[in-house]
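Here's the structure we're looking at; comments come further down.
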Amino acid sequence: PDAHPRHPQTPGILETRGSLDLKEIMDDFSPFYDDSDSNDTFLDYDAAPCRNPFCPLFQRVAPPFLAATCAAAALATGALLVALAKRPQAWRWPRSPALVAQLALGTALFAATLPALAAGVARGWHLGTGPCRLTHLLWHWSVFAQALLVASGSCGTAWARWDPRSRRLAVALWAAALLLATPAALVSGVVAGTACVRRGVGILAPAYLLHLTVCLCLLLLLPAGLLLAALAVPRLRASWAAGAGLSWLFLGLWAPYGAGLAGEFLLQAGLLEPTCGSFESFDIALGLSEGLGVLHCGLGPLALLLAWRC
């Protein structure tokens, strides 16, 4: 769960040792939690206890889900790289070798964080604050880099060949993605000794607001803008017809999570009226949306490979 009240953790990013640790975290950071001896977490709205079953469900489901996704990503990315190395001449714009190789690198980087996250959910995080923040940095770096790569590949022919211009663009995109991922590392941390959380600061902390803004811009506004541009510009529609739309699978899988982060902010900042039902439903919806985004590291390479075979 987050260190701030009301929001349990979500797959792959938030980890918890169990509901007792969740209660300890909430006792430390929130006046809204009832100091009860129960193993369940209670939210006190108008003196009515709220029971949220999401954390126990997450602790059961997340480790096998992350492990299976990591294995699928390793197989799909490996097969994609083999196909790229054996027949590079068969890959043409918009699925050019330069773009496909970088997308494969992004999914591999993302999948590399999943074993540590799965182990942290199942057994608790015992690696310290530094590795926790590094994991979140790599997680968001890979996501943001892939979003920028998909956008650049959809808007022009920069990746049609691997020349000095495209190499400079690659360096710039990966450096920009790393810079944009830095706030995610700054706001994450270890709480209660065994929980590596994605948000260890208040919802209105400047660093978290910066991180939230980056996520909304890259995961919501960017795909919306590209979609409108593709509908308005015939050249972009032609690139979709040639197969560029397959790389949009990434943005489609992560867009619901971006919307979920916006909803989390509205609820926890008090801009929407909080109720027991709203928090219970929202936790499940945000968890599912993040799980959907995690699937990109397996589905993305598989979709590119199948499109190449067809």
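Each residue, glycine too, has its Cβ placed from N, Cα and C.
Here's what TrEMBL has on this protein:
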TRANSMEM  65-85  transmembrane segment
TRANSMEM  97-118  transmembrane segment
TRANSMEM  138-159  transmembrane segment
TRANSMEM  171-195  transmembrane segment
TRANSMEM  207-231  transmembrane segment
TRANSMEM  238-257  transmembrane segment
TRANSMEM  284-308  transmembrane segment
Query: Is it the case that the transmembrane segment (65-85) and the transmembrane segment (284-308) have 3 or more CB pairs under 8 Å, with pairs at least 6 apart in sequence?
result: yes
Task: Select the range from 97-118, 138-159, 171-195, 207-231 that forms the most Cβ-Cβ pairs under 8 Å with the transmembrane segment (284-308).
output: 97-118
